[in-house]
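Features of the protein shown, as given by Swiss-Prot:
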TRANSMEM  51-71  transmembrane segment
TRANSMEM  83-103  transmembrane segment
TRANSMEM  111-131  transmembrane segment
TRANSMEM  157-177  transmembrane segment
TRANSMEM  183-203  transmembrane segment
TRANSMEM  223-243  transmembrane segment
TRANSMEM  248-268  transmembrane segment
């Protein structure tokens, strides 16, 4: 396989863009077919492609919705708005992948190249969004501000447009690109995204090692990288083996989708582990944060209340209260 060519990758993995790249055959058709792919199923006179993978996409949407709800509940957490944008983009990517994998927009349909280009655009936007999220923890600028949020959104939008445009130009043979000239597509979809992910991981390791006493977040990073790499290895190396072993009921795309979901969940766990809420602002949202564990005996309570009979405020529970910062309170 030469650099920038999809022939080897597409013969092993049933990814949507493979139907749109490659040299044209004598019949004028283009596309690279995988050596083995999951069988179709018929439901209510409708042919559905990649049934197992479609179910996993739906599970991913449900899990992403749950993660978004949990993030939104942490009103004062650092980087809350930024990480929510990441999950929204992942949800949009999952929906687009579901449309392509299930055959709602089947190969050969006029809209298929556009959906495939949008899918590539969302993939690049997701990686860029994650990269920019990686800078939030370093406090180079205040999180949640217009600068932080719009820097994230515009960067993600820019990569979405670049990746989507390069994909569409390649699929449609526009602007000097063609399905047989896929170096630009390969660089944008694979190389740049890999660089974004690598830089993000390195930055988070530096952040945890230099600023946190707790080392547990490193395990979240490790598991996230592990799941992502395993998913890619299964998709591009063992997809055909799995497909033939289970009689075409599923292929590597199912496991890649599952592993990508697990990697995203580890990103959520990592963010949650390094983010703390301000109790002063969140106490009103969590009922019964404080409770009386044990009442004082009657004799002790009376001694406390009437400790100083010369003052009508002697029984105050705030008498000689210790400050949380180590000094004496003025009260």
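For all residues, glycine too, the Cβ spot is worked out from N, Cα and C.
When Cβ-Cβ distances below 8 Å are used as the criterion, the transmembrane segment (111-131) is approached by residues 16-17, 19-20, 85-86, 89-90, 92-93, 96-97, 99-100, 105, 152, 155-168, 171-172, 185, 188-189, 192-193, 196-197, 199-200, 267 of the same chain, each at least six residues removed from its ends.
With a cut-off of 8 Å on Cβ pairs spaced 6 or more residues apart, the transmembrane segment (248-268) and the transmembrane segment (157-177) reach fewer than 3 such pairs and are scored as not touching.
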